[in-house]
Every structure is written in C-alpha cells, then in structure tokens.
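Chemist: Can you keep this structure in mind? I'll have questions shortly.
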Amino acid sequence: MAEGNHRKKPLKVLESLGKDFLTGVLDNLVEQNVLNWKEEEKKKYYDAKTEDKVRVMADSMQEKQRMAGQMLLQTFFNIDQISPNKKAHPNMEAGPPESGESTDALKLCPHEEFLRLCKERAEEIYPIKERNNRTRLALIICNTEFDHLPPRNGADFDITGMKELLEGLDYSVDVEENLTARDMESALRAFATRPEHKSSDSTFLVLMSHGILEGICGTVHDEKKPDVLLYDTIFQIFNNRNCLSLKDKPKVIIVQACRGANRGELWVRDSPASLEVASSQSSENLEEDAVYKTHVEKDFIAFCSSTPHNVSWRDSTMGSIFITQLITCFQKYSWCCHLEEVFRKVQQSFETPRAKAQMPTIERLSMTRYFYLFPGN
C-alpha cells in the first residue's frame, strides 16, 4: 500500500507541473494578445479556474488558430520570432488546397500527380521539358502613362502580381513599360527571337494598356491620330512562320484592356474613347490572315479581360479586377487543372454581374492539346 502511494506521488507531481506549464503557455498567449481578445474576454479567462482555462481558450481560438499555433511553436521549441502574419513561402504552397481555403500562395503540384498525368494523358497534353534544362520566358508590356489619355492608376499592382505569378511558374519575366505601338511591336519582335525559346516548352505574353476593339493603345494614342498595336500583328509575330523556336509550343496571350468604349463610375475604365478601327489595318493583311491562319497560326490561346465592344474595369488602389481574379485562380487551380480549365474558373468568378460587369473571353484558340503548368515540376 505504501509502495503504491509512493509510485502515485511522482505522477501527481508531473501532473501538477504539466498543468502549470500549460497554464503558463496559455497565459503567454493572452498577455501577448495573439487572440486579439477584448477586455471582457481576457477577464473571463483570468477569472476561470485552472482546469477551465483550456475550455475558455478553446472557445475563442477558432478564428485565430494559425496565429496561436505559431506562438505555441515559439513557446515550446524556442524558435526564432516570426510575425503571426508572415508566411514561410509567400509565393508557393504545397497542394492540394483545403476546401474553401483562401490563399495568396501558388499551390504546387505533387510530383506523383505530375508523373501520373504525364503518363495517363501523354497523347493529350503538351510535353513539359525538364525543369533543370528548360528556359521559359515571359513578357509583360504595361502602359500606365499617356500623352493624351488618363493614367492607368493601379496598374503597378497588376505588374507586380503577374510577375510574381509567372516567376512562380518558372518563367523568367521581362517587363516593358510605357511604349508606343511601334515600340511595343519592336519589343515583341525582339522577344520572339530570343534563343531561350528553343529550350523552352511555352511562353506567356501579358499586355496591359488602354485599348480598342482591334488592339492595344500606345502611349501617344489620340482619337485623331491612333497609336494602336493590332492584335493580328501580335499573332503574326509569334506564328510558326516567324517564330520557329516556339513551333508546337503553347503561346499564351493575356490582355487587360478595353475592347470598346463605355462610360462608368467608381472603377477606372481601360478605354480612351469611342474609336473607329484604325486605318492601318489593311484589307490585304486581313486576306493574308484568312488564307494562312489554319496553316501558320497554331498552339495559341488568348484570354481577354472583356468581350468585344465592352470595357474592362480597374480599381486604382488594387489593380484590375480581371488580373486579380486571374492570379487567384492560377494560385488555386493550376496545380491540378489545365490552362483552359483555369481560364474557365476565372470566367465563372465573373458569372454573376457586379455593379460594373465584364466577362473575360477566350479567343483565337488553336491549341491542339491540353496545357498543364504543373507548378513545382
């Protein structure tokens, strides 16, 4: 009997020490205001008995679970101080995502999933080059300042967001800003001749500016003297006749610009005015496109921020709503969805019209296979 009491005494001591330690941890969380409690919540905790403190804490921890978890790690393992709002890898996070999760991290495709899809859909998807040997390139052209048009305030958010996204997808990104139509064409032609395309498996072109139905506005655009880079010109520069290095490889064109004119409020509109088609678009050029498009133009997909004749909207403090939704959908779904599915997710996010409505549109789709980005692979 005495021996039994002797054995129980150390256990009671350990139990008491454990309670004291846990209570100290919980007190630390409250004192550092990790849970962002109001004074009455703190009072309720401090007034509770020791055995009730865990229950009181649990009732208030759901919304602050991540922050409290990091503080617990710091307390138990004495790791370096990390801000509760700081992420270890802000641009990448292993997939798959949890249901209903909101995140600003790019979900990575598990290597096993990458291998499975490559094997099962080998005849249906574009081949992906080895990460260590490929040299993917992307080009962003963004005009924000104009001689005769209002500035595109907030476009810097679009540049930053798209650059980070494409770099996360393993593209080296070139950024060109505030170019005339002629300079935009020169930049595109120079980009098309880059030798890195030979060892790449795809490319992205991101064009952001004021726009009209037929193309993207340069920085000196005026109603009386248009300065417009025609969309047809972009496709001609990168077709299989003029850019052999990207033959049979996905060429993704993303356009944030109006494709018509309309008046609006609250949001800044990406349209200079109601303009007629530029006279520089000759019928001869159109005939050439019509004859050779089937033979020369292949493996393209264009994703425009709005339907023809309509405007696109931009928040001057946050960036374009199209680019914002595009980045979000790439982050959430590119690990498991092919490109067209990701674009459809973007369209679905605009399905219910808002106060200022627009509908992103997939156009000039000539891809013969599915294009998976397989982030992280």
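Using the three backbone atoms N, Cα and C, a Cβ is placed for every residue, glycine included.
Relevant sequence annotations retrieved from Swiss-Prot are reproduced here:
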| type | residues | note |
| --- | --- | --- |
| ACT_SITE | His210 | active site |
| ACT_SITE | Cys258 | active site |
| DOMAIN | 1-91 | domain 'CARD' |
| MOD_RES | Ser83 | phosphoserine |
| MOD_RES | Arg314 | (Microbial infection) ADP-riboxanated arginine |
| REGION | 1-59 | region 'Required for LPS-binding' |
Chemist: Could you state the CA-to-CA distance between the residue listed as '(Microbial infection) ADP-riboxanated arginine' and His210 (active site) to the nearest Å?
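Modeler: Cα to Cα, the residue listed as '(Microbial infection) ADP-riboxanated arginine' and His210 (active site) are separated by 11 Å.
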Chemist: Within the region 'Required for LPS-binding' (1-59) only, compute the mean pLDDT.
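Modeler: It averages 63.
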Chemist: Of all the recorded positions given, His210, Arg314, which residue's CB has the most CB neighbours within 10 A?
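Modeler: Of the recorded positions His210, Arg314, the highest Cβ count within 10 Å belongs to Arg314.
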Chemist: Among all the protein chains here, how many other CB atoms are within 10 A of the CB of Cys258 (active site)?
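Modeler: A 10 Å sphere around the Cβ of Cys258 (active site) contains 28 other Cβ atoms.
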Chemist: Helix, strand or coil by DSSP: which one applies to His210 (active site)?
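Modeler: Looking at the DSSP assignment, His210 (active site) belongs to neither helix nor strand, so coil.
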Chemist: Using C-alpha atoms only, work out the spacing between Cys258 (active site) and His210 (active site) and round it to an integer in Å.
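Modeler: Distance (Cα to Cα, whole Å): 6 Å.
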